[in-house]
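Reviewing the structure listed below.
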Amino acid sequence: MPQPASSLYSPVNLESDELKPSHGEIAKSAFTAPWWAKNRHIQTIWPRFFQLRLKIHWYKERLILPDGDFVNLAWAGDRSNIDSSTGLVVVFHGLEGSNKSHYANDMTANLVGQGYVVVLMHFRGCGGEHNTLPRAYHSGETQDAWYLLNWLTELYPNVSKVAMGFSLGANMLLKLLGERPQQTILRAGIAISPPFKLAECSLSINQGMSRMYQSYLLKSMVNNLVDKMRTVDYSDHLEIDDVKARSIKSFKEFDQHVTAPLHGFESADDYYEKCSAINFMQTIATPTLIIHAKDDPFMSETVLPTEQDLSPSVRLELSDNGGHVGFMQGTPWRPVIWMQKRVNQYFQEILRD
């Protein structure tokens, strides 16, 4: 196991509270957008349509949860030869995402190419198959992820594990790490484009051109809910039926009428307050890298944390451009996803012997 850099090189006594840093670091990202992709919407949308999709051989597995429900896992890489020298990367997708999402597929192909084994956890109801219980998933649902991590530890106790999340999955991962500062399963975490403050994000994405993202995602959310209503009884959980569900026009409205009552929150605002990553990052003890762009169209700069919001274990790398889970360089017809390079660097630093 590698020693922390401070214990290898620092001659001072780090046990002294006076010498320990009191907060995390916000640094300027090394990412720079090319001239043709400085627009935040191009950064966000272009990779989905013009990034070369690398074919991955996925292995599907169903994980039964303690409440009898399930989540579907998607594995990639040579799982049969996984050992103490192989890193295992756990991936959490974004809202309405799956292993087929362009960012998840491309990052997984990159990681497998680096020799890692990857397992992506589909949140409940994601990946094309409805779960059996009325409850679903949300930005702060960490129990399923924590169960998965413990299950993986039983399977591979001697394999180093790291995790990364995108967007909603990034918020969830930051919350999980902040809730469990003593956890030792994960050696590091990476959060890409987390919303930080859910209430502010629900307002930002309901304005201007950002509403096109809300409309696209909301259509999927409502369609999945209405389809699931055909086989799952929601009468004891929701006050809306399929007709009223189809009239929902914003994330805030969906969270008020669906997410909150379905998962035990008093309201959408209660859900946002209790599940925003900003409220958990001061207690993270696991080395954590956050990659974020100031021009993210899913949110405004008002959601950005200060260094005082971050624990000493957290480093936020902030770029002027990059959009939402974009960070694209290269040429228009051969784009290169810069964040893959940064992820490789960070995990190598953590996992090297």
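Yeah, the Cβs are placed from backbone N, Cα and C, and that goes for glycine too.
Feature list (source: TrEMBL):
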- 88-330: domain 'AB hydrolase-1' (DOMAIN)
- Ser167: active site, charge relay system (ACT_SITE)
- Asp296: active site, charge relay system (ACT_SITE)
- His324: active site, charge relay system (ACT_SITE)
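Over all protein chains present, the Cβ of Asp296 (active site, charge relay system) has 29 other Cβ atoms lying within 10 Å. Taking the Cβ of Ser167 (active site, charge relay system) as reference, residues of its chain lying under 8 Å away and at least six apart in sequence are, in sequence order, Gly94, Leu95, Gly97, Ile192, Ser193, Pro194, Pro195, Phe298, His324, Val325. In the shown protein chains, 27 other C-beta atoms lie within 10 A of the C-beta of His324 (active site, charge relay system). Taken together, the residues of the domain 'AB hydrolase-1' (88-330) have an average pLDDT of 97.
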